[in-house]
Amino acid sequence: MTSNRSNLLFSLVLFHFLFVPTQLQALNTDGVLLLTFKYSILTDPLSVLRNWNYDDATPCLWTGVTCTELGKPNTPDMFRVTSLVLPNKHLLGSITPDLFSIPYLRILDLSSNFFNGSLPDSVFNATELQSISLGSNNLSGDLPKSVNSVTNLQLLNLSANAFTGEIPLNISLLKNLTVVSLSKNTFSGDIPSGFEAAQILDLSSNLLNGSLPKDLGGKSLHYLNLSHNKVLGEISPNFAEKFPANATVDLSFNNLTGPIPSSLSLLNQKAESFSGNQELCGKPLKILCSIPSTLSNPPNISETTSPAIAVKPRSTAPINPLTEKPNQTGKSKLKPSTIAAITVADIVGLAFIGLLVLYVYQVRKRRRYPESSKFSFFKFCLEKNEAKKSKPSTTEVTVPESPEAKTTCGSCIILTGGRYDETSTSESDVENQQTVQAFTRTDGGQLKQSSQTQLVTVDGETRLDLDTLLKASAYILGTTGTGIVYKAVLENGTAFAVRRIETESCAAAKPKEFEREVRAIAKLRHPNLVRIRGFCWGDDEKLLISDYVPNGSLLCFFTATKASSSSSSSSSLQNPLTFEARLKIARGMARGLSYINEKKQVHGNIKPNNILLNAENEPIITDLGLDRLMTPARESHTTGPTSSSPYQPPEWSTSLKPNPKWDVYSFGVILLELLTSKVFSVDHDIDQFSNLSDSAAEENGRFLRLIDGAIRSDVARHEDAAMACFRLGIECVSSLPQKRPSMKELVQVLEKICVLV
């Protein structure tokens with residue numbers, strides 16, 4: 001019995017020593033090279049590489065790895081790695097040269113990660129490579145020049161990185177390359193000619209200059225995007241002549257000049273494909289090209305000949321002066337007095353018609369727009385005593401402050417299209433009533449209205465006239481550098497929020513411009529967007545009318561929350577918002593912003609005092625499109641975003657055009673503030689908020705220490721949902737715009753989180 005047990009133990013030990021080396025040897029060269037890549041990864045938050053280790057018999061079962069039977073049966077090289085696909089796995093690290101030493105690697109997809117550094121020179125050494133997708137990372141530096149080895153390459157995606165230098169000419173000479181995307185980098189220099197096999201070629205949003213190459217692309221090209229570069233000069237007539245007629249070509253926002261060639265593929269484009277080129281002309285643009293004059297003197301005409309005689313046709317019949325009667329031709333002519341009378345009558349008739357048309361136009365214009373009217377519409381005098389020194393032509397009326405405005409943070413309820421500074425009129429400044437310099441009164445005591453002043457509604461639903469609005473009770477809600485906001489309560493109890501815009505703050509010089517912008521904003525309708533109802537136009541001031549939202553703004557809530565946390569008692573905030581209510585606010589904000597971005601719009605100035613709360617605590621986004629109604633100079637100093645605002649992304653100071661990822665960043669800051677009652681700062685709080693531990697227990701403990709004490713008990717019951725929200729906020733405030741999710745993705749994630757609560 002003992003002998004049998006000894007033999008069994010020996011067999012087990014022998015098996016261990018024999019089996020383990022054999023197993024290690026079974027990991028072929030491809031697996032070793034992949035492990036070298038794994039060890040270059042600094043962070044793997046989703047643990048996607050957890051099953052990559054030496055103990056496996058083959059790398060073919062590893063996450064993201066695909067193998068194909070290419071070698072001899074029953075040998076370590078029977079299955080070879082042909083594909084490595086790990087997109088959007090939040091991997092941080094560098095791309096090692098050994099990765100491209102895998103001899104049969106055909107597909108490499110590491111897009112939408114956090115890889116940095118430069119591409120190794122060996123990137124194009126894998127002769128079997130057919131697809132390289134490294135887009136949406138943080139790779140930088142120049143591209144390797146030697147690309148002759150990858151003759152089988154069909155797809156190259158390096159978009160949304162930080163590559164510099166020139167695009168190697170060898171890339172454009174690859175015969176099998178059909179899809180190329182190098183957009184959103186900082187490539188410079190000339191656009192290389194070639195890309196004959198390309199079907200999709202996207203070089204947009206770079207710094208490419210020089211002229212358009214004549215032999216770019218070929219008969220297979222279906223999509224060409226060279227927009228947002230610095231390409232200059234005229235478009236060659238030979239450019240795009242090989243393109244199919246249904247190809248999409250985008251040359252917008254360059255420095256192109258001259259006429260657009262008449263090739264069919266260019267004529268079939270929309271005008272937007274050529275916009276942003278100030279000196280470009282011809283179809284499909286509506287800008288006509290100037291034609292140089294080629295007129296010259298008619299032949300055989302003497303310089304002394306009268307022009308009238310010069311163009312008179314010569315008679316071919318001979319004239320006999322003896323048989324011609326002197327007055328024969330004179331009888332067929334009109335008398336000079338008759339000609340003069342006809343001419344005068346024509347001039348008088350045309351003048352009368354012109355005056356009639358002008359009169360009708362002016363009458364219609366006055367009926368539609370109160371251009372010449374000057375009305376003093378709720379000119380607020382916020383000074384307590386100085387307001388009583390008004391002119392005799394006006395009557396002072398005192399109105400009580402809106403009860404809803406008596407909040408901890410003062411008059412911070414805000415209106416659509418309105419930006420309110422955090423320094424709005426406070427309760428101590430108001431003393432329960434505010435002096436309003438009302439309309440000029442008539443002898444009968446009624447409010448005086450100019451006959452030419454009209455109110456224009458833009459939503460197609462509201463029935464409101466200026467008489468009714470003039471009789472409304474007015475409550476001051478707040479003041480900004482561009483005007484005053486008040487709550488107007490009609491006789492039937494309906495309330496509107498009205499913003500008064502001073503003429504010097506208004507960007508529109510004419511009523512039609514103002515109406516066009518207001519109607520464009522009013523067309524955006526969503527449950528989480530405030531509704532614009534109408535406007536008034538006057539020489540001295542303009543009014544913007546919208547729905548009144550009764551529950552204040554997030555600014556009021558945050559201010560009250562911070563006051564409560566700094567106080568020893570909880571009296572400052574008797575009914576704090578629960579975690580479920582805050583999650584509801586975040587979801588509503590995401591829905592509204594996603595709708596805005598889907599309509600190709602950007603809010604660009606999301607912050608707590610632009611998020612209103614209705615009676616059900618649903619968020620209502622305001623301030624959309626106000627930048628189009630305000631002058632840039634005033635807007636940038638009063639209501640626009642400032643470089644010191646924590647709700648603006650880091651790239652705000654260097655970007656000229658708002659981007660949807662601005663809204664994502666602002667949303668992330670507010671989401672973190674909803675969870676922690678602290679304002680995230682990319683300069684000071686990045687370590688505190690985003691440097692999470694590898695240990696799940698330590699990570700959860702760190703999060704619970706950051707959470708707002710008012711909802712800590714709620715979070716304990718919904719810890720997974722709260723942690724998911726916290727991680728989502730961290731992703732939104734990434735310093736790299738391409739790393740932030742889209743608003744549509746945020747809505748999808750928040751909808752799933754809400755199911756857990």
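Positions of Cβ are set from backbone N, Cα and C atoms, glycine also.
Since the structure is predicted, the reported quantities are computational estimates derived from the model, not experimental observations.
The repeat 'LRR 1' annotation in Swiss-Prot covers 104-126. Proximity of distant same-chain residues to the repeat 'LRR 1' (104-126), defined by a Cβ-Cβ separation under 8 Å and at least 6 residues beyond the stretch ends, is recorded for 30, 43, 66, 68, 70, 80-97, 132-144, 146-150, 152-153, 157, 739.
Long-range contacts of the repeat 'LRR 3' (152-174) within the same chain, counting only residues at least 6 positions beyond its ends with a Cβ under 8 Å from a Cβ of the stretch, are 106, 111, 124, 127-146, 180-195, 197, 202-203, 208, 738. According to Swiss-Prot, the repeat 'LRR 3' annotation covers 152-174.
Marked as transmembrane segment by Swiss-Prot on the basis of sequence analysis: 339-359.
According to Swiss-Prot, the region 'Disordered' annotation covers 633-654.
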Of the residues in the repeat 'LRR 1' (104-126), how many are helix, strand and coil by DSSP?
4 helix, 8 strand, 11 coil
